[in-house]
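Q: For reference, the structure I am asking about is given below.
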């Protein structure tokens, strides 16, 4: 695979998400940056809804259900828009917002973030050498093979008993569409997804949110752009740790979804968008957030809850009767009940929420204060801009800036709780939706930090301009000084990113020591489609990466993940394959499961653990198998011990 292949896959990934989303945004009346940014959460909602609807109406997963859902949603928006405009006339579209510095900042930040992601992945078809990637890549193959990417179905890959009745699959559904559209391998599609949501969705959404809260000035755009390229905890952390592709998708579209919600709550200017359309647009982002990752939806609840408080206080003060105040109380109570229910229901199982605090309260507060969560290097420039933004917002006493400050306090408070609070019950209630896991909450912080960094740059730039006037800098000299300051700021933002980039890059390196799949093992798996019959199943320890043969080669494996329901047939094969004999329990299991081959990747496991499979430990000396292919120490055997 070449970088051109990845570029093509990236372009088609953007098209798959943006085209349905931007149709809805334009029909709603959004223009300019707003339409581009909103296209991503709208597109994810369309894909999520289509993935659920397709099997219900007898359609295999393909672009067709996406087109149908786009048409239906567009019709709904047209109906709401007509109803919202008396006389059943559409208002003239909003004028395209002019903001050259904002557009330039979005483009520049996107290019820098794209470069960071490219450096991290190292090669177009490298994979994240992490535990969760076993499931994610195989789930894409499972959706393709079954023509079903529904969140109500994909979990059956590892839970045939139905124990995993829901699994957020917006990422997997989108990746499957990319594979269908391009013919790219699943690893290339995964990397294209990482590029698009890191370098397109996230900068656009974060800049739009900043513009909604603090305007579209030059200083605001530059400050937000610097924070976008200088935040270690998002987006890079989510394609490094885990790997958490679904949460990465959800948090990448969170700022745009939040910008719409703030318009609906009238925290920010509606921009000519009728209240009904703002509400419909806001609600329209929620399915995408939920099916991308419930943790993204709960993060949205945190930000919106702050906005609800601001709106409720304003409505209470503006009420002229007891009836109006009663409506405010009813609205807030109804929201609180629904939000609490969602917060509680979307928590993962208790067994998955066992992550413990990792630092002191003082250390956690320091990391929030310096915009450097999860032990990231000190992002001094971003911290200075954020703190300056807080000062400016508090001094302004305006609703939108004050909202941004309180939102930062809310998210920062959750970070302190998950990082340091020793009281498990309280901590579990507050951060259980994110598995009580520090990196997941750390990744939410930049959504609160970026807008305030933009405000801080606006605040500080006024002082810089004053200094320039006192120094009588004009003409070319002023341009040179401005360019110099901007260059220094960019370097200051990027320098702390070296360590996060290097750390993430290590998880994509493919060599003899790669923790999940070594270079030899990958080379062998890439030959499997020529050596294994299409209807044959391959056994092997998923802990050693052998389970990824499904995603890489398209050949079915006995265990596509480490954490799954284990049947009696699996147990028989895992424990006794090397002693298989005709008529025995193992051979009956082999026949029942169509297992014809076994991959031997040794005993090294992704987390350095020890999960022995006795039936695979002595294959080299076993007469039950014969060697078909090998690459270094990686071997593929054919099962011959069950032949009669």
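Every residue, even glycine, has its Cβ placed from backbone N, Cα and C.
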Q: If TrEMBL is the reference, give me the range from 245-265, 350-370, 518-538 marked as transmembrane segment.
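A: When 245-265, 350-370, 518-538 are checked in TrEMBL, transmembrane segment belongs to 245-265.
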Q: Taking 137-160, 161-184, 401-424 as the choices, which stretch does TrEMBL tie to transmembrane segment?
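A: Within the set 137-160, 161-184, 401-424, TrEMBL attaches transmembrane segment to 401-424.
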Q: May I ask whether the transmembrane segment (221-239) has at least three C-beta pairs under 8 Å with the transmembrane segment (444-464), counting pairs 6 or more apart in sequence?
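A: They are in contact.
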Q: Restricting to the same chain and to residues at least six past its boundaries, which positions have a Cβ under 8 Å from a Cβ of the transmembrane segment (245-265)?
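A: Contacts of the transmembrane segment (245-265) (Cβ under 8 Å, skipping residues fewer than 6 from its ends): 34, 37-38, 40-41, 44, 132-133, 136, 168-172, 174, 190, 193-194, 197-198, 201-202, 204-206, 208-209, 212-213, 234-235, 238-239, 271, 273, 275, 278-279, 281-282, 285-286, 288-289, 292-293, 295-297, 299-300, 303-304, 307-308, 310-311, 400, 403, 440, 443-444, 447, 450.
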Q: Please indicate, using numbers and ranges, the residues of the same chain that are 6 or more beyond the transmembrane segment (221-239) and have a C-beta under 8 Å from a C-beta there.
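A: The answer is 99, 101-102, 104-106, 108-109, 112-113, 116-117, 120, 128, 194, 197-198, 202-203, 206-207, 210-211, 245, 247-248, 251-252, 371-374, 376-377, 379, 381-382, 385-386, 389, 439, 442-447, 449-451, 453-458, 461, 486, 489-490, 492-494, 496-497, 499-501, 504.
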Q: Spell out yes or no: are there three or more C-beta pairs under 8 angstroms between the transmembrane segment (272-291) and the transmembrane segment (33-54), with each pair 6 or more apart in sequence?
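A: By the criterion, they touch.
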Q: Sort out the residues at least 6 away from either end of the transmembrane segment (476-497), same chain, that have Cβ-Cβ distances under 8 Å to it, and list them.
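A: Sequence-distant neighbours of the transmembrane segment (476-497): 112, 116, 222, 226-227, 229-230, 232, 236, 372, 376-382, 464, 468.
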